[in-house]
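Notes follow the structure.
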């Protein structure tokens with residue numbers, strides 16, 4: 001029996017809070033990522049993992065010791081670390097003669113590997129090499145994807161979904177203009193993926209809307225896709241399933257157009273125009289004979305009192 005599968009009863013309040021934090025919720029916690037060095041990781045791969053960790057903080061765990069494992073051959077160690085650190089995303093770095101400067105990015109579903117994609121680093125510029133001001137830790141980035149391959153090719157489409165999961169950060173109910181200060185740009189062209197990061201500078205423009213400039217901040221990566229391990233359509237569909245409580249209830253007679261405008265349809269009873277009150281005029285006032293005709297004849301005379 002796996003020691004992590006046994007039922008653990010908390011003995012302290014702190015342990016109880018820890019276990020409650022890991023329980024399934026309607027609105028899940030922000031996804032954490034674990035960054036793991038392989039047994040033969042070189043200086044370039046180690047620097048890439050450190051820079052990605054600096055971008056991803058505080059929703060990341062960096063393992064400093066080397067771990068001798070091969071994710072495409074054996075995934076048990078990744079699943080063990082995922083349970084131990086409660087991380088659903090991972091980035092594994094390794095280096096060998098056949099696959100130099102190798103990165104494997106992936107995600108978990110129910111503590112099992114859902115899909116992972118192997119990328120090769122052809123060019124790397126670290127945060128330290130770019131002598132510009134940096135964004136504060138925990139800044140939520142804006143993600144931009146350019147290139148038809150992200151919409152046409154299934155492997156690139158899954159990579160786009162994986163990168164959004166990895167870098168999106170916490171879900172926020174509202175944003176402010178000054179908080180939009182970090183851009184991650186991914187471009188797919190000629191079989192390569194170019195990752196660039198920029199800091200957004202809001203400058204005076206003479207009107208209410210500021211003039212926007214992008215300043216390269218680092219890290220910068222030129223990547224090429226190698227091996228892929230994608231989940232089946234059924235398993236991928238199961239991983240996207242949402243609880244019924246989160247699904248928005250459909251409102252009757254309400255529709256939206258392409259611009260987001262809301263339209264509502266109102267149902268009313270048929271209106272009797274004969275009882276419609278119009279403007280009161282002496283010329284339109286009914287005579288007593290007309291009123292008697294509408295009532296269906298003459299009304300009986302009142303009996304005289306004795």
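Every residue, even glycine, has its Cβ placed from backbone N, Cα and C.
According to TrEMBL, the feature domain 'Brix' maps to 31-234. When pLDDT is averaged over the domain 'Brix' (31-234), the result is 88.
The annotation region 'Disordered' is assigned in TrEMBL to 270-306.
Positions annotated as compositional bias 'Basic residues' by TrEMBL: 277-286.
Helix, strand and coil residue tallies for the compositional bias 'Basic residues' (277-286), in that order: 3 helix, 0 strand, 7 coil [DSSP].
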